Amino acid sequence: MESMIQKLKKFDAYPKINEDFYRSTFSGGLITLFSFLIMFFLFFSEFRLYLHTVTETKLLVDTSRGETLKINFDVTFPSIPCTLLSLDAIDIMGEQHFDIRHNISKKRINVHGDVIEVRRDGIGAPKIEKPLQRHGGRLEHGEAYCGSCYGAEMSDDDCCNSCEQVREAYRKKGWSLTNVDLIDQCKREGFFQKVKDEEGEGCNIYGSLEVNKVAGNFHFVLGKSLHHSNVDVQDLLAVKSYSYNISHRINRLAFGDYFPGVVNPLDGVHWEHETPNGIHQYFLKVVPTIYTDIGGHTVSSNQYSVTEHYKKSESGHSDTPGVFFFYDFSPIKVTFKEEHSSFLHFMTNICAVFGGIFTIAGIIDSFVYHGQRAIKKKAEIGKYR
């Protein structure tokens with residue numbers, strides 16, 4: 001057993017020196033003190049880095065299919081009344097939604113941006129009471145409603161049950177709907193009175209819409225502006241015909257839920273247009289994104305990049321003025337994952353810090369000590385001379 005112990009002693013890489021041969025110096029104590037302070041500072045610096053999460057980013061091919069996308073928006077139009085403003089959505093699969101009202105709210109605002117009224121739109125047209133039938137009589141209990149198209153019927157079975165349908169029937173005929181105050185559907189819906197009441201106002205429209213995860217567009221247009229029916233807008237807004245200012249401010253536009261670090265480039269964008277009408281187009285490339293936090297919670301969302309173009313209204317063209325958002329999806333998906341650095345990595349850095357400082361401090365102390373001895377020796381030699 002003793003022989004084994006003696007053999008192990010030969011492997012001792014740290015031979016011990018008798019304390020009688022130790023010599024403590026002032027410079028050595030000062031260097032040691034500074035070394036401990038530096039080690040203390042670097043230890044806490046490494047510990048903070050260990051506690052701090054790092055985000056790992058990966059790029060993958062997006063293989064998802066058949067999903068839907070939630071678009072959250074908040075847009076303000078300072079010069080367009082809420083009654084005239086509508087939201088439409090179209091995708092390349094042919095799915096179309098006009099005058100979307102579900103999950104949409106509108107705020108009537110004055111010229112100073114103060115809220116006049118908050119209006120939450122419902123689904124479908126407003127209810128009516130005893131409307132005028134196509135045969136000239138009023139709707140009776142139990143009778144099916146079939147409103148007159150006022151001569152614009154394409155067949156004997158055509159019905160126009162709303163002001164919008166009457167305008168559409170006239171548009172298909174190529175007729176100008178000028179005597180709108182005589183249209184029963186329009187009077188009942190009170191559309192024109194609303195427009196007159198909101199003259200000079202703006203609108204803040206906000207909410208969300210769910211669309212298929214394919215290329216498409218959604219746009220804010222004057223869906224109830226009578227643009228296609230050639231009605232004299234001067235009777236409604238006391239301005240020149242078809243004079244709409246599409247100046248707007250995008251308070252928020254996000255494709256999906258929020259996650260830490262997401263940047264929506266259109267948030268806070270404000271455009272003032274001095275010329276009336278026109279089309280403002282935004283072209284967005286949407287990048288599917290998956291974010292996983294340190295607790296394992298996953299958020300499936302999207303980021304996007306954008307370019308834009310403004311098209312002025314030209315005489316002789318019947319383009320509907322509005323703000324259009326054309327979006328398409330990137331085939332690449334980005335994943336963000338929060339994680340800590342490993343404990344072994346932390347310990348390796350701590351050992352490297354301590355060992356490096358001890359080594360450097362020893363080298364500095366050795367230079368200082370030998371320098372002091374050389375100076376002292378020269379001084380003694382000079383004394384004896």
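Placement of Cβ uses the backbone N, Cα and C atoms for every residue, glycine included.
Small disclaimer: the values here were computed from a predicted structure and weren't measured.
So that you can see what the record holds, here are the features copied from TrEMBL:
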type     : residues : note
DOMAIN   : 8-97     : domain 'Endoplasmic reticulum vesicle transporter N-terminal'
TRANSMEM : 21-44    : transmembrane segment
DOMAIN   : 149-365  : domain 'Endoplasmic reticulum vesicle transporter C-terminal'
TRANSMEM : 343-368  : transmembrane segment
Message: Counting by DSSP secondary structure, give me helix, strand and coil numbers for the domain 'Endoplasmic reticulum vesicle transporter N-terminal' (8-97).
response: 31 helix, 26 strand, 33 coil
Query: Where does the mean pLDDT land for the domain 'Endoplasmic reticulum vesicle transporter C-terminal' (149-365)?
result: 81
